[in-house]
């Protein structure tokens, strides 16, 4: 049993002056992070709404796709409505024929041959319309051969009924077999990470498939969503830039049997070439990742999407391994699928890291001239000294050869 308990008054501690000054900045930073608007949600839904669409007739030109894209409640409502309207329309037509021929005035006359036997009102005409279109045929209400207009209406209803059945049943079948739900079992890591791999700075994220039926011809793509301004002053909102995740090497083609870590090498062609750890926290960007493939069971194309904003890109982390070798098989631990751990990673950008690496390798390839220039000798003197050294070495070699020839001649004369 719950009871109301008076809570004691808790006084907030007085913050130091420095903390009070830094608090508004911290709150402003939190507000900035919260106000980041996603282009694609984490579950793959695009956060874009189309407004002021005046040419709405374009939706009716592709009515089949429009019905398939509707929500289930509207789809089922239209499904029931179409059949009900069709039955009511043809039921009215059967009643109208009976009314015009006078069948309703000769219901008890056994000598009268009606258009439809045992049709005595609109309700019976409606039931006959349902039996005709659904080909039930209970045998109580049947059309006679003395009614040519009824025979024509029977043919029209049979043809139109088949068309309505094909259209609506096909629409429901496509709606049910849509591969959107297959994407629910394709998972992406909560965070993307940046760390060193093979001596190079790389951006990485992880993908996995929870089902045993695999995705055929799976491929991965990634795009950077970031607004930019051109040199001419044109502002391009939400500009899309491709992120290379192995297109040149074929690494974007996945054999998605177990979770895979997708790697993007940050090189000169990467949009992250000039971005450091401090710069990344201030950037307003979003990485959209797209996984595509065919469902093995149905052969239909499936697409799963997710995104990472700047606050979800962790610098200096790696993914925890999830694959272990058991007795005769490999086991995937999806409890650790999103886990990351910290590792030693330079905080500078990939460009600065490449410059430092080149400067570290430069002394190993210095020439003699560069060494002399470090000692303060002019370039002309360096060239003169090099030439003099070469001439001295050539003179010494020639002198040695002449001394050797003289010695050989003396030895031959003595013999």
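Yeah, the Cβs are placed from backbone N, Cα and C, and that goes for glycine too.
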Per TrEMBL, the transmembrane segment among 127-150, 151-174, 175-198, 199-222 spans residues 151-174
Kindly report the helix/strand/coil residue split of the domain 'Potassium channel inwardly rectifying transmembrane' (40-179) according to DSSP, in that order. 87 helix, 4 strand, 49 coil
Overall pLDDT of the domain 'Inward rectifier potassium channel C-terminal' (186-356), taken as the mean: 92
